[in-house]
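Single-structure report; data block below.
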Amino acid sequence: MSSNEGYHNKIEPGGGSAGDEQSSSSGARGSHGSAASAAAATSTQLHQQILNENTYLKASKQAYFSDEKVLIPDDDRTNIGFSFRKLWAFTGPGFLMSIAYLDPGNIESDLQSGAAAKYKILWVLLWATVLGLLMQRLAARLGVVTGLHLAEMCYRQYKRLPRWILWIMIEIAIIGSDMQEVIGTAIAIYLLSNKVVPLWGGVLITIVDTFTFLFLDKYGLRKLEFLFGFLITVMAITFGYEYIVSAPNQGAVMEGMFVPWCSDCNSDVLLQAVGVVGAVIMPHNLYLHSALVKSREIDRRQPKKVSEANFYFFIEASIALFVSFIINLFVVAVFAHGMYGKTNRDVLDVCANKSMYEDAKLSFTDNHNLTDIINADLYKGGLFLGCTFGAAAMYIWGVGILAAGQSSTMTGTYAGQFSMEGFLNLQWPRWCRVLVTRCIAIIPTFCLAMFSKMEDLTNMNDILNAVMSLQLPFAAIPTIAFTSCAAIMGEFVNGIGNKIVAILLTIVVIGVNLYFVVVQVEALQIEGGMLALVCIFAILYIIFVIYLVIHMAACMGNKWLMNSRWVQRWVLPSQNSFSIKNANSTYASDVALVVGDKTNPTDKPLDTVSEKIAQ
């Protein structure tokens, strides 16, 4: 056997193993013919137990790429050097992934950071995007090398209770993101309809438009990717227009982007910087990206093809996140230039004699004679642009927010689909999946929109950012664990440098996000029994994170943990000991099934890494 006998023996979590079958057939040593016959029978049985390369689900039950994969060109013109034809073939998954960096929650975080800190924390946005790229790279490599996405790998590598907890946490992140998208879309419709459609009406409309968009994937994978590209283009044009008409100081923008310093920054600015990091890196996005890369036809028997796919997917993801960063930069700069240091009175003075003056009077209010600094949100941002640059700027802003909400809704739907398929080995029809997720997201949002004010929706956005920040370890730790395991990744395993950088950056991001959560909890002024519940949750949360860290250390090859009886019993899956016989073997190597002391190297080798892991 190659690489890892535990993986080769594994058939399905909780089930029997091929090793049991091999030991039961070892009595067939009497003759070479009987041994070869037993080996062939065992090989046939193992292949029958693999439903397909990607998952235990049948092909007809998988997500949108199951019956249509993009072929990668391979001819004499593209075998040497960089190929734009190949890059075009690999283009798609990275841009779908990048939409999570452009959802309404991110856009609101951008305008708030600009209004609160001007250009001083643009460098935080830049490095948060770079960090996001590093994490997305690891998630994509996992999907490319193994043919399994992150949720499917969690199903194989965690025991039942931990993987159920992981699934619940990721579902909470998806629902939280969905609520932000509902809020953003409702506000955009409210602006674009000139208040004809109330907020609660916009919330209800999001149910219908989501199902409408879902039908578009029936026209083909590439057309669906083109649709997402179109929505990103709409955001780039609309927010770029606002950037041009506002004309911020370019030198100040460059300084804020590349000088990592924040002079005279108070605690509010620090909190905005923390919020930027928390809003940019979405936990469910790692699960999404690791699944989207499976939509390309990659021959995993050839390490060269796997390396090539990793290379082009990284370039594509880099381009996509660069585009998302530019769009976020537009938003920050527009409101840094126009809103920074402004009071509610300043905005009302600008809005005087404008058509939206009455709306501005209701929105830009405070209890200190309009002398408070603006508390910015998506709706106030639209009114400010309309008062400052004309009604056209307000409507263009609404179109951009609408595009952000619609595109994020679709990617969130797919993230939920992949999560359910992977963690539960279960697949629902997309319409059913969307109905459940969207209804859970809409009920509290609808109640707020119906019975509360616009400010309450903004406050909900802050709470949702804190909730999603809590979920980040449940995506980042498994991603690092699996990509650092030689038994899973083979020669594509993370090197020492990658491991150190990934772990340190993850610690920083998780620490930053936890600080943001603590601040938000303190702002809620929780007391009594609710505070006790929060403390109990915090203790359980820390214990589970420590559990995941122990599993990650075992994946990385810590022998003391791997040999610990407690870890073997409670942490590691029972079929897998992480013992590595030949970590340097390539995926093109033949896999010889051992029957007693005989081998059958002529038997058909397992075709892909995921077939090895599935067993």
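Heads up, the Cβ atoms here are built off N, Cα and C, so glycines get one too.
Annotated features, as they stand in TrEMBL:
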type: COMPBIAS; residues: 23-38; note: compositional bias 'Low complexity'
type: REGION; residues: 1-38; note: region 'Disordered'
type: TRANSMEM; residues: 87-102; note: transmembrane segment
type: TRANSMEM; residues: 122-144; note: transmembrane segment
type: TRANSMEM; residues: 164-191; note: transmembrane segment
type: TRANSMEM; residues: 197-216; note: transmembrane segment
type: TRANSMEM; residues: 228-249; note: transmembrane segment
type: TRANSMEM; residues: 269-288; note: transmembrane segment
type: TRANSMEM; residues: 309-336; note: transmembrane segment
type: TRANSMEM; residues: 383-404; note: transmembrane segment
type: TRANSMEM; residues: 435-452; note: transmembrane segment
type: TRANSMEM; residues: 472-493; note: transmembrane segment
type: TRANSMEM; residues: 500-518; note: transmembrane segment
type: TRANSMEM; residues: 530-550; note: transmembrane segment
Which of 122-144, 164-191, 228-249 contacts the transmembrane segment (87-102) most, counting Cβ pairs under 8 Å: 228-249
Is it the case that the transmembrane segment (228-249) and the transmembrane segment (383-404) touch, counting contact as three or more CB pairs under 8 Å in which the residues of each pair are 6 or more positions apart? yes
Examine the transmembrane segment (122-144) against the transmembrane segment (500-518) and state whether at least 3 Cβ pairs sit under 8 A, considering only residue pairs 6 or more apart. yes
Range from 164-191, 383-404, 472-493 with the greatest count of C-beta pairs under 8 A to the transmembrane segment (435-452): 164-191
